[in-house]
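Asker: The mRNA binding site annotation in Swiss-Prot covers TYR24, TYR49, THR118, ILE119, ASP120, LEU121, ASP122, ARG129, GLN130, PHE131, GLY132, ARG133, GLN139, VAL140 and is backed by similarity to another entry. If you look up Swiss-Prot, you'll see 171-182 marked as compositional bias 'Polar residues'. Residues annotated as compositional bias 'Acidic residues' in Swiss-Prot: 198-208. As annotated by Swiss-Prot, domain 'RRM' applies to 46-124, with the evidence given as sequence analysis. What Swiss-Prot records for 168-208 is region 'Disordered'.
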Amino acid sequence: MSLEEFDEVKYDHSTKRLDTPSRYLLRKARRNPNGLQELRESMKSSTIYVGNLSFYTSEEQIYELFSKCGTIKRIIMGLDRFKFTPCGFCFIIYSCPDEALNALKYLSDTKLDEKTITIDLDPGFEDGRQFGRGKSGGQVSDELRFDFDASRGGFAIPFAERVGVPHSRFDNSSSQSNTNNYIPPPDAMGTFRPGFDEEREDDNYVPQ
């Protein structure tokens, strides 16, 4: 599929256009037979995708920040498809495309709840896209994460399950090279976790 019309042309002493697809959208378009049309739609869309949110960030906090860029018609919180709890992303629908571009211009890489959020133009929300697509019900990016992040559920899937290695290989009889790679599940760490000894309370968000 040719995406020549979306190739970025760089000029000296110029600023980057906002109504251009991100590298993620370009990769997605190349795998999708209808990708070119979706790219064109996203460039004139009133919808944005917001990623890397804390699981504890509420819809009210998102509205307070993003309403500074225009009139918000709807916010769709991303949910774990099994637990129906927030899983770190959302869609925001503005009343016109210019307001979506305002959000992209002024709020990209902003910190919300101590997380640097990402913003991307979106072709438009469809029912079903609010659910995580990962094996555990959340986002795929969290399942590929190896570090502990309290704002995004702590550890994701145990290391052994992610790489497909039987748990028996991580017992006391395993070789040193194997045990060095083991990442314990959250319940194996006890109640004290360095840097996270004060647990944040779960919010009372109820998906509408």
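Glycine residues also receive a Cβ, built from the backbone N, Cα and C atoms like all the rest.
How about a rundown of where these features are and what they're close to?
Answerer: When secondary structure is read from DSSP and collapsed to three states, THR118 (mRNA binding site) falls in the strand class.
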Asker: Taking only the residues in the domain 'RRM' (46-124), give me the average pLDDT of this model.
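Answerer: On average, pLDDT over the domain 'RRM' (46-124) sits at 92.
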Asker: Between ASP120, ASP122, which of the binding-site residues has its C-beta surrounded by the fewest other C-beta atoms within 10 Å?
Answerer: ASP120
Asker: So, in DSSP terms, is GLN130 (mRNA binding site) helix, strand, or coil?
Answerer: coil
